[in-house]
Structure formats: structure tokens, C-alpha cells
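See below for the structure under consideration.
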Amino acid sequence: MANSKFEYVKNFEQPDKLLPNTWIVVRIDGRGFTKFSTKYTFSKPNDIRALDLMNAAAKAVVTELPEITIAYGVSDEYSFVFHKTCSLFERRSSKIVSTIVSTFTAYYIHYWSTYFPDTPLSPPLPSFDGRAVCYPSVQNLRDYMSWRQADCHINNLYNTTFWALIQQGGIDALEAEKMLKGTLAADKNEILWSKFNINYNNEPAIYKKGSVVFRDYELVQPGTHNTAAEVDQQAEQVQQSKNQAEKDKKSRAKAQVVIEHLDIIKDEFWDQRPWLLSNKPGKGKALKQT
Ligand SMILES: Nc1nc2c(ncn2[C@@H]2O[C@H](COP(=O)(O)OP(=O)(O)OP(=O)(O)O)[C@@H](O)[C@H]2O)c(=O)[nH]1
Ligand SMILES: [Mg+2]
């Protein structure tokens, strides 16, 4: 069959493959959420409905895409991590990013009325941008995740103090900003405690730590395995038997996707959950709640 004379345009398509054997992180971020949060009167500094909605959308994305091993969210952003052996869409960046962004946005709008039952959405509707970055080693990936959680902590401590000064201290935003300029974490903790009787440690974990979404299995006693080193040494995709791949797929589909607010900077989180880095489904607890 002769091709049509138009078909040459296909040659304009350029490859956009992400580097093989690297961890793919897709980070999405709410577009213009400063304005959006004012329009829907999100409470300051944290609106639990808005965070729960972000988490519900992220959980749906992780559930629909078993290639995602873990996701981390704070404020209007979410990072989705694909295992380094992932071959989804032949690792084409635009296909992976656009799938995450559209699936997340669709669920965000779908679940809106669950979390904001009295406030219907109106245009401009919420939307998200997205980008993919490849991290070559477990250490790079861990540092990326730590960076986002450290950012969450720094911003939340600042915002909690800033809004306490305004809402309870009765000063205006400019004065509050001046007062906090150059302060260290200890100073902010002290302001919260001495002026407002707030112990920052007792603030909800979802605000202090952000949210982690992953498939849950039985925790492993740390120290028995060095998953990170093993995974880093893996130079290319391990050839899995079709049978094993099917088994893993079933196990993943059965596993419960959970939303937690844990410390992901320390080793413990990763040591207890070797399946997050190894991509081998863990044991037990594979009871999916409906
Ligand atoms: N009040 C309130 N605002 C929030 C909350 N979560 C996110 N936001 C808002 O979302 C913004 C997120 O920051 P950015 O992503 O840097 O700002 P943006 O306006 O979304 O701008 P672009 O991402 O560049 O489009 C924050 O500055 C807040 O204004 C919340 O729980 N409560
Ligand atoms: Mg934003």
C-alpha cells in the first residue's frame, strides 16, 4: 500500500525518551494556586480539605498506575516516582508527564465536591503543570525526596508562625514578615510557644511532614538487607519471567494504597519498606479494602 503524500509529517516527531535505568520523578504543581486558594477561601496556612483532596487525587493516580512506586505531596505539588526499571510508554517523557497531569487533574475535579461540598467549581478550573526529572542513583532519589520534605518543614514552620502572628497576635502581614526576617527554626518555635502557647511538635503530621502515598505490605526488620546498594548495582533491566511479572502485577493490584505522614528523610522509612526501592512486592497485608 502506498503511503499518503502527507505522511512525511511523521518525521517531524522527535524522540523524547528519558534516560534508561534512572528513577523518573514527575512533579506536578497547581497553576496559580495563590489565586485559586483565595477564590475558594482556603484556610491559612493549611486547609485540610485542600490537602485531603490533593491526597485523594494522588492515591487514585498511584492506584491506576502500578509503575509508580511512591508519591510525595505538599501544598499544591505532588511528586510521583517511577521505578528505574519502568518501561511505561517506552519511557517517553511527554506521554508519561501528560498522563500523570491529566489523570491527577481529572481526579482533582472529580473529588472536589467530596471535600468542598458547599462550593461548586467555576472557571477558571484548577489545572496543573508537570515535568519529569531522571535521578540515576538511590541516593539521588532519596535526596530529592528529602529536599521536598525539608522544604515542607521550612515552609510550614514559617507559615504557622506568620499566620499565628497575624491571626492571634493581631499584627499585619508586613510587621509579621519583618519580625520573622533572619529568624532560625528555634526562634520561630520560641515565638509560637511564648506568645501563643503553641508547641510546634504537636501540630498535625500532615502539615509538618506532608503526605506519602505507596503500596503497603508487611514491614521488614531493618538491617537484614541493603536494598539501596543492590538496586544501584543493577546495571540493566532484570529479565523477569512472564509468570513472575504476572504474579507481581496481581500482587500490586491487590495491595492497599495508603496515605501516610511519615519522616522520609531518615533511613528507617526505606529500610522497613524494601519493596519501594526493589520493586518486588512485599509480603502479606495484601487485602485490598473496597
Ligand atoms: N490558604 C492556603 N493556601 C494554599 C494551601 N496550599 C497551597 N496554597 C497556595 O498555593 C500556593 C502554592 O505556591 P506556588 O505553586 O509557588 O504558587 P502558584 O500561585 O500556584 O504559582 P504557579 O505554581 O507558578 O502557577 C501557596 O503560595 C498558597 O498560596 C493551603 O492549604 N491553604
Ligand atoms: Mg503552584
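Each Cβ is built from the backbone N, Cα and C atoms, and glycine gets one as well.
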Binding-site annotation, TrEMBL, Mg(2+) 1: partner of Asp29, Gly30 in Asp52, Asp76, Asp118, Asp143: Asp76
Length of the line joining the Cα atoms of Asp76 (Mg(2+) 2 binding site) and Gly30 (Mg(2+) 1 binding site), in Å: 5
Binding-site residues close to ligand 2 - of Asp29, Gly30, Ser75, Asp76, only those whose C-beta is under 6 Å away: Asp29, Gly30, Asp76
Distance from Ser75 (GTP binding site) back to Gly30 (Mg(2+) 1 binding site), taken between C-alpha atoms, in Å: 9
Neighbourhood of Ser75 (GTP binding site), C-beta criterion under 8 angstroms, separation at least six: Gly30, Phe33, Cys152, Asn155
The domain 'Thg1 C-terminal' (139-266): DSSP-derived helix, strand, coil residue counts: 77 helix, 11 strand, 40 coil
Greatest C-beta neighbour count within 10 angstroms, which of the binding-site residues Asp29, Asp76: Asp76
